[in-house]
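Asks: Dumping what Swiss-Prot says about this protein:
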COMPBIAS  41-51  compositional bias 'Pro residues'
MOTIF     119-124  motif 'Antp-type hexapeptide'
MOD_RES   Thr152  phosphothreonine
MOTIF     198-204  motif 'Nuclear localization signal'
COMPBIAS  239-253  compositional bias 'Pro residues'
MOD_RES   Ser269  phosphoserine
Amino acid sequence: MNGEEQYYAATQLYKDPCAFQRGPAPEFSASPPACLYMGRQPPPPPPPHPFPGALGALEQGSPPDISPYEVPPLADDPAVAHLHHHLPAQLALPHPPAGPFPEGAEPGVLEEPNRVQLPFPWMKSTKAHAWKGQWAGGAYAAEPEENKRTRTAYTRAQLLELEKEFLFNKYISRPRRVELAVMLNLTERHIKIWFQNRRMKWKKEEDKKRGGGTAVGGGGVAEPEQDCAVTSGEELLALPPPPPPGGAVPPAAPVAAREGRLPPGLSASPQPSSVAPRRPQEPR
């Protein structure tokens with residue numbers, strides 16, 4: 001029976017959440033700690049404090065002979081306010097004042113909430129993209145771009161000097177490039193790019209000339225062959241035939257036969273060397 005009485009007594013002791021805080025209040029009783037052993041469930045409303053005199057002693061502060069340090073007034077303590085006003089601890093905690101800007105935020109970011117933030121420089125607008133101003137995302141301010149390349153307009157005097165230099169040297173050296181840049185009031189990069197473009201143009205012109213010359217040369221070679229193949233009969237008669245290997249008929253035989261100076265036994269046509277010419281038969 002004694003064990004059961006002790007068990008029920010202990011159970012009644014732990015039923016009250018703040019039972020361990022009760023006791024005789026000393027003269028310098030400090031603020032009682034808040035109930036921290038409760039779980040995540042919301043705490044029930046605490047019962048009224050059985051010692052109202054203790055609150056008066058707490059509000060007066062600790063005596064100077066016990067604590068040499070200054071003790072802040074207990075009215076600002078959340079635990080004392082929790083016990084004094086019988087409210088939950090969550091409502092008794094002071095809320096931080098809501099400033100105009102959150103911590104770590106810049107004022108310029110909140111001034112323009114509709115402004116589009118572009119973290120990359122290549123996403124910024126350029127002068128060439130004028131269509132961006134027509135869509136809703138083009139409302140952001142375009143910063144001036146100093147590194148944007150613009151097309152260089154060369155004057156006639158500059159082009160004349162560059163063409164002269166290119167006529168003598170297709171590939172310009174570094175010292176000469178520096179000299180031309182100073183003389184023409186240009187940068188080395190401008191001169192280098194101009195020479196690169198001029199070389200490409202010159203190579204295209206050379207390739208075009210080579211292709212046209214090959215076509216013309218092929219036609220010129222083929223035309224004489226066609227003229228020699230297509231000839232008339234009169235031209236063939238006018239040309240002397242090649243001499244035979246045996247040499248029986250002189251080269252002037254065709255001309256003499258045409259003029260009628262050959263004897264009747266000889267023929268104007270060439271004969272092979274294996275066949276001897278016929279002699280005229282003598283009358284019997």
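Backbone N, Cα and C atoms are what each Cβ position is placed from, and that goes for glycine too.
For each feature listed, report its degree of burial, its nearest neighbours and the pertinent distances within the displayed model.
Replies: For Thr152 (phosphothreonine), the Cβ neighbour count at a 10 Å cut-off comes to 12, with all displayed protein chains included. Mapped onto three states, the DSSP output places Thr152 (phosphothreonine) in coil.
When DSSP labels each residue, the motif 'Nuclear localization signal' (198-204) comes out as 7 helix, 0 strand, 0 coil, counted as helix, strand and coil in that order.
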Asks: Mean pLDDT, the motif 'Nuclear localization signal' (198-204)?
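Replies: A mean pLDDT of 94 is what the predicted model shows over the motif 'Nuclear localization signal' (198-204).
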